[in-house]
Amino acid sequence: MTSSINILLLLHPTVVTDAQLVEQIKSKIYQSHNNNNNNNGGTTTTTTGTVNINLNQQIIDRVTKGIIELPYDYYDEIIYINPNNESQYREIPISLMQLIYKLLKSNGKFKGDLPLDQNLDVLMTGFIIEEEEKEKEKEENNLEGELVNVWVKPIPVDEPVVTLLKKKTTTSNTTTIKKSLPLFKKLNKDEINNSDKDINNDNITNNNNNNNNKRKLVETKLTYFSSDDENSSDGSVLENDDIDDDDELIDENDLLNFNNNNNTNGGSLLSDKLITPRKCDISLNGGKKRKKACKDCTCGLKELEELEVSNQQNLQDQILGKLAQSATLEAIKIEERLKQQQQQQQQKVKVKFTEEDLSEIDFTVQGKTGGCGSCALGDAFRCDGCPYLGLPPFKPGEVVKLDGFGEDI
């Protein structure tokens, strides 16, 4: 029984220049699939049959640029050879990862000199990272190999198929019972009229009860206020016959007058009957003021809070106004200082040279000498700022002229 293994060997451009290295890599690949049996080039013989190894060699740059087109879902293994040891030179672009994922079969492996700092990109592409022992030349001595990462393309999981149950069809022998809608009995006209009469009677009784309750409430109010008013201001008792229906109404002015007259006796009608709002006492709250006044405050706390807020705002406005005034004054002072400095600079005495100072100097003429009197002798006798530096010594009778000497001064 024969089977085939398709292997793609991706080589770095630097590896292609060494033909012996490429042949060694190929021989190692054939040996790894030998399984300790006979090997003839690309064919491996096992106990169960022969295995044909189809090895395809490509340069990774050509595959990345799309110069060479490879079949999808074809290769069992893809081996990448990169001689660079530094991780920054082993980076694989994401587009190449996706292409390798498409070239591999399910459960196919991508191994070799892989980068170690791109695990997130590998997982996002769809690979599974596994560890595998690296093959060494010392495997003949039964030494354990170094663990390296291998990218495996997972086997796709088949989605479970859910079968829908069919509706049961009734046979001809079975009889189906259909549920009918509920039936309601229709009322006669006599019953409707009787029900309307009952409803009207109930409404009449309810109205009578409400009127009786209102009358009782009025009577209690009248008895409450008339109990104190039966004694007149003269001390005479009013009889029940003298009290009419109009006299039962109480005037507010009479109550106020009555209250003022009875203040001297230690009691008043308004103080006993009326309920005045209680002021907020700070001592009852442990000496602490309430955080905020009530929504419907009537004790005056809300007005006090508004007054405090307005006082604080006025104080802040005063402070800000003073700061603004001081800032403007400082700015005015700074501007005045700058103006004074500019005026002082303008008033400084400017150095002006006369025509004799700006005229050309001839040291060969008697009486025309420099400040040191030795400029005509040469550079050895000239000062650092002498305009004749670099010129040879002057000869008697030689005319020396300097162009633009006045501009330098």
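Cβ coordinates come from backbone N, Cα and C, glycine included.
DSSP assigns C297 ([2Fe-2S] cluster binding site) to coil in the three-state reduction, placing it in neither a helix nor a strand. Long-range neighbours of C297 ([2Fe-2S] cluster binding site) (same chain, six or more residues apart, CB within less than 8 Å of its CB): none. The [2Fe-2S] cluster binding site annotation in Swiss-Prot covers C280, C294, C297, C299.
The feature [4Fe-4S] cluster binding site is assigned by Swiss-Prot to C372, C375, C383, C386, with sequence analysis given as support. All protein chains shown were included, and the count of other CB atoms within 10 Å of the CB of C386 ([4Fe-4S] cluster binding site) stands at 16.
Residues or ranges marked as compositional bias 'Low complexity' by Swiss-Prot: 201-212.
Look at Swiss-Prot and you will find 1-153 tagged as region 'N-terminal SAM-like domain'.
For the region 'Linker' (154-262), the model's average pLDDT works out to 62. Look at Swiss-Prot and you will find 154-262 tagged as region 'Linker'.
Among the features that Swiss-Prot reports, region 'Disordered' is placed at 195-215.
Residues or ranges marked as region 'Fe-S binding site A' by Swiss-Prot on the basis of sequence analysis: 280-299.
Helix, strand and coil counts from DSSP across the region 'Fe-S binding site B' (372-386) read 6 helix, 0 strand, 9 coil. Annotation source Swiss-Prot lists region 'Fe-S binding site B' at 372-386, citing sequence analysis.
Taken from Swiss-Prot, the feature motif 'Cx2C motif 1' applies to 372-375, supported by sequence analysis.
The motif 'Cx2C motif 2' annotation in Swiss-Prot covers 383-386.
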Statement: Within 10 Å, the Cβ with the most other Cβ atoms among the binding-site residues C294, C299, C375, C383 is that of C375
- prompt: Could you give the Cα-Cα distance between C386 ([4Fe-4S] cluster binding site) and C299 ([2Fe-2S] cluster binding site), in whole Å?
  reply: 98
